[in-house]
Amino acid sequence: MSERERTFVMVKPDGVKRGLIGEIVSRFEERGLKLVAGKFIEIPRDLAEEHYGEHEDKPFFEGLVDFITSGPVFAMVWEGGDATRQVRHMVGETDPAESPAGTIRGDLGLDLGRNVIHASDHEDPGSNEREIELFFDEAELIDYERPDEALLYE
Ligand code: GDP
Ligand code: MG
């Protein structure tokens, strides 16, 4: 098992409005990941533009920023062994149509532009810490023990 780390996850406005927060949180809890921060917010436009800065030259950028600021999101930080990669595997591919059943996007989404969830990218090292810092203050990240950690890790 690789090192414990923290990763940033967000239920997008489509997921929130479709009532999928609980379903999504449950999947990470049941997997054994530990919730260390969470908040229900409307993202200001400048924060959305910074968060998706890597896509600023793409044709879908304006639509993406419009959408992510169109309603509330549920932003979270999850901690666990190799958490960024594990979460991305659970999320599936960017396009729900390409995501296998059993993944969040494969089970809960249909369309590339309405894919329910954001998660930090394990292929972009440092994106997890960058995104956590963008959305949370240090004091909002809460340290505690999950009593089942002794059973989850060798
Ligand atoms: P992710 O890391 O899997 O979320 O994917 P990306 O970082 O590549 O893109 C960010 C988000 O932009 C995706 O989750 C999609 O919602 C959206 N997106 C990416 N590519 C496209 C596209 O070609 N068209 C549209 N409409 N949206 C896209
Ligand atoms: Mg991405």
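Using N, Cα and C of the backbone, Cβ positions are placed for all residues, glycine too.
The record from TrEMBL ties K12, F60, R88, R105, N115 to ATP, and of the options T69, T94 it ties T94 to that site too. A distance of 16 Å separates the Cα atom of F60 (ATP binding site) from that of H118 (active site, pros-phosphohistidine intermediate).
Secondary structure at R88 (ATP binding site), taken from DSSP and collapsed to helix, strand or coil, is helix. For the binding-site residues T94, N115, the greatest number of Cβ atoms within 10 Å around a candidate Cβ is found at N115.
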